[in-house]
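K.L.:
Below are the features I grabbed from TrEMBL:
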| type | residues | note |
| --- | --- | --- |
| COMPBIAS | 50-59 | compositional bias 'Low complexity' |
| REGION | 1-25 | region 'Disordered' |
| REGION | 37-64 | region 'Disordered' |
| TRANSMEM | 75-97 | transmembrane segment |
| TRANSMEM | 109-129 | transmembrane segment |
| TRANSMEM | 141-159 | transmembrane segment |
| TRANSMEM | 165-187 | transmembrane segment |
| TRANSMEM | 208-226 | transmembrane segment |
| TRANSMEM | 292-312 | transmembrane segment |
| TRANSMEM | 348-366 | transmembrane segment |
| TRANSMEM | 378-403 | transmembrane segment |
| TRANSMEM | 410-430 | transmembrane segment |
| TRANSMEM | 442-465 | transmembrane segment |
| TRANSMEM | 501-518 | transmembrane segment |
Amino acid sequence: MNQWGLLTPDPELDMVYPSDTSDANNEELALEHSVAHGNVHGNGTGTGSSPGTTTAPNGDNKVNQRHYEPAERFIITKNVVVIGLAFMIHFTAFHGTSNLQSSVNADKALGTTTLAVIYGSLILSNIFLPMTVIRWFGCRLTMALALFAYMPYIAAQFYPRFETLIPAALMVGFGGGPLWCSKCTYLSTVSEALTQVRGNKSRKDVNTVKFFGLFFIFYQMAQVWGNLISSSVLTLSAPAAQSPANASLELEVQRELERTRVAELCGARFCPGVGAEANPNLVPPAPEQIQLLNSIFLTCMAAAVVMMIFGVSSLKRYGVKRGDTGDGMSGLKLLTVTINLLRKRRQILMLPITMFIGLEEAFLAVDFTRSFVACGWGISRIGFAMICFGVANAVAAGIAGALVERIGRVTLAGLCAVVNLCLLTYMYNWEAREGDYMSYCTFAAVWGICDGVWLVVVNAFYGILFPNHLIAAYSNFRLWESTGSVIGYVISSQLCTSTKLVILIIFILVGCVGYGLIEYRVWQKQKNLEVMLSD
């Protein structure tokens, strides 16, 4: 049991020391030990915890089992729900703003540059900040402070310039690393606590997936509310269009021109440089509409900070002291651990699928919203399409945990990969049509299903693969996810959409091969262990 209250293999089996020269052997032993406790594979049979006392990595004796009242399960669930609600309200504002950046702040690529700075600084944040900040403040206060760091980004939208948006984007990036690492650590810790409360009735790996699934239900609903607010404000407050005297004839001619223009310029055929002069659908909203939208979003972020401070229990309740959280490592030590974690084959094999998640999220936020929806349907309708994404994403995240329990993690990931590949291939060959809202919403919904499953499965899998290094593992996840996002935002203003779709297809193919190899090795270890125990 480590200092977060989580079951871990013996320290000698999975610690990532800079001078470790037998990493391959350690990795094999760690996998065997984890499988023995039912902690790795989605179909394992262990409970994920064991009674007694063990020696922690720092040499102190820790009690493996803490005793909780049966009602503690409701308190644990309440904490997860409040965290989910706070993230939902907060990212209602962030996603609602970010989805419009490539269209509203299109001048000199200000919007996409801002997003690239956010995820570029998030890379540095994931390396240097999580351990130190979480150790200083604990998981709960770290989440609250990190949410507050996002607020200047919304405030800067009142005066969008490079000198205002870039510093605000840096604050978002530097707050993002501690935010997501503390959230993942909190959920993993309370998953172990719930396993102890319920005893043999539950497994830690299943509880982890379920809690991540519950969290992502709320988190992905932010797409629904954020885009509903943005589209409502932009459409309801828009000035009424004036109809010419000979409306019918001119309207028919205009529609024919729009159909031709959209088929030639939008969808996979969209390239950087196409603006409002070539396609009136890309005319940005009025400044008054943007200011009203920003005021609503800034209020949402303030409410999320208050919820996090007063609505979530400290991890002290589950035996985690503030000084213990974070493994006692500084940013430089975390950098060392992160680099050495890359020596593990299972971490290297997880990189492509992790980067794919970042790439596809960047494509959705910038290229799908601009190349498909804004170009073919109008900027004010971006939110309506993204609502379909948010609903589908939340539903997929919510049922992912139950599906893992029923059909297994490998089967779910395989189905998700097939659907994702079919979607990308179809979008590459699809011819855009003016006002074809059914296609735009369907694309967004299927994309949301795939993204929701990937987020739940991969997030939970990181916690299962690296139980001795939760913060380092989740920091690594955010690091490489952010790297994928930065690549996506950088190439957004350089390449045509068709080329970017091909890049996504390549990444998901390579990522699925790497993920499949890890699952195959885990299956081999489990099979060998079962044979050994049966002798």
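Placed from the backbone N, Cα and C atoms, the Cβ positions cover glycine too.
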K.L.:
Which listed range (75-97, 141-159, 165-187, 292-312, 378-403) shows the maximal number of Cβ pairs under 8 Å with respect to the transmembrane segment (208-226)?
P.N.:
378-403
K.L.:
Cβ under 8 Å, sequence separation of at least 6 from the ends of the transmembrane segment (109-129): give me the contacting residues as numbers and ranges.
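P.N.:
Same-chain residues near the transmembrane segment (109-129) but 6 or more away: 98, 100-103, 153, 160-162, 165-166, 169-170, 172-178, 181, 331-332, 334-335, 338, 358, 362, 365-366, 475-476, 478-479, 482-483, 485-486, 489-490, 492-493.
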K.L.:
At least three Cβ pairs under 8 Å linking the transmembrane segment (165-187) and the transmembrane segment (410-430), pairs spaced 6 or more in sequence?
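P.N.:
Counting Cβ pairs under 8 Å (6 or more apart in sequence), the transmembrane segment (165-187) does not reach the transmembrane segment (410-430), since there are fewer than 3.
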K.L.:
Tally Cβ pairs under 8 Å between the transmembrane segment (292-312) and each listed stretch (75-97, 348-366, 378-403, 410-430), then give the stretch with the top tally.
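P.N.:
By the under-8 Å Cβ criterion, the transmembrane segment (292-312) pairs most with 75-97.
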K.L.:
Take the C-beta pairs under 8 A between the transmembrane segment (378-403) and each of 75-97, 348-366, 410-430, 442-465, 501-518. Which stretch has the highest count?
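P.N.:
Most contacts with the transmembrane segment (378-403): 442-465.
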K.L.:
Looking at the stretches 75-97, 410-430, 442-465, which one shares the most CB pairs under 8 Å with the transmembrane segment (501-518)?
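P.N.:
Stretch with the highest Cβ contact count: 410-430.
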K.L.:
Is the transmembrane segment (442-465) in contact with the transmembrane segment (348-366), using three or more Cβ pairs under 8 angstroms as the rule and ignoring pairs under 6 apart in sequence?
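P.N.:
Yes, the transmembrane segment (348-366) contacts the transmembrane segment (442-465).
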